[in-house]
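Taken from TrEMBL as is:
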COMPBIAS  41-50  compositional bias 'Basic and acidic residues'
COMPBIAS  359-373  compositional bias 'Basic residues'
REGION    40-64  region 'Disordered'
REGION    353-383  region 'Disordered'
REPEAT    186-228  repeat 'WD'
Amino acid sequence: MAAAGFCGSWFVFSCDSKLVAVHSKQRQREPFVFDCGAAERTPRSTKDDDNSGGGAPEETGSDRVLAFTASPSGKLVALTDDNKRLVLLHCEPSWRCISVRSVARRCTSLLFSRAEDELLAADKSGDVYSFSVAEPQREGELKMGHLSMLLAVTMSPDDKYIITADRDEKIRVSHRRSPYNIQSFCLGHQEFVSALLIPSGHPRWLLSGSGDGTVKLWEFESGRKLQSWDLRELEETVSAVQFFTVEQEGEEKLVPHSRLALPHCPLDVTFDPEGRLWVLMDSSEMPLRVYTHRRDSWECAAESPELHTVTEAVRPHWETLEVSARTSSRFEHLHKVTFDNVTAYLQKKQQRLEEQQLKRTKAPKANGNKKARKETADTPAST
């Protein structure tokens, strides 16, 4: 499971148990590597001990990085791994580990507040925990709970609302200071919701992506759905990136703009501070590509010096990663599995009726054979 992002001018990507950061502008700066396999083991928190209930200890994880995020200023990075550790890193002026804390459950999504005083961690049990940035050794506090596994978390630009998405198709908008006070629900997806984004310049809009193949646009404060697109219907299914644009005429709305075909399956995409698109792909020979927007289209910047710098630093880590681990997805087992009990019942009923009919058909024939044998036996032999 690989992911990519930018923290200032640092290109950051996760590769199994490692988080690798490469400065895209200054080649003289050494790449930074944080290996969870070599990180300190965190002691069990008091909350874990209180919740254990005397049961068997939970299974040990694999050190694989599950999620990471960068702060709005580009000075902080947080990551969480399969061993239920939450790592806080400082990247400017130089990289250093600030703290390693434990989380109650394996996390799926992380988010810094705009003020960078709080770090939110959403986990598989449906809880969101709040961790202090100013007090990096302090244990997390339960912020809010859900009835389903959480897959994404974001916050409104004014830090007023926390927005969460779960496996059961729901998007919930809660007040940050009083999370028990729910502002709205954004309902309409048919499968798990795995991505949330508030687009720049539109602080009241929310974009959501789902396993049902659709992207939806919401006015999240009211929960009103504004638009919906089924990406499978926009064009033939290929490895591609779909772009949308804001139409300014009349009421503002998003419209499909263009589609960028890719040479390999994309694993993640991110924009750098200059607005260029970086694509992480499933390829040992060409793991990265950069695209620049020019003349109303996206062009491949194959000769970009930044691309060359990052690729050379990324390649040694990328080549040691098994293909299965590179392409594994946390969404593989999230699709609904439906059980049609009525159809199965009717099939079994039909089978029983056919078997009964077959028995009835065989019964007269068997009785007839018995009667014929009896009559033959009673007939006296001729002399």
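Note that the numbers count up from 1, one per residue, in the order the chain is shown.
Placement of Cβ uses the backbone N, Cα and C atoms for every residue, glycine included.
Remember, TrEMBL labels are computer predictions, not curated facts.
Panel annotation: around the repeat 'WD' (186-228), residues 151-154, 156-158, 161, 163, 165-173, 244, 246, 252-254, 331, 334-336 of the same chain, lying at least six beyond its termini, place a Cβ under 8 Å from a Cβ of the stretch.
Residue counts for the repeat 'WD' (186-228) under DSSP, split into helix (H, G, I), strand (E, B) and coil, are 0 helix, 23 strand, 20 coil. Computed over the repeat 'WD' (186-228), the whole-number mean pLDDT of the model equals 95.
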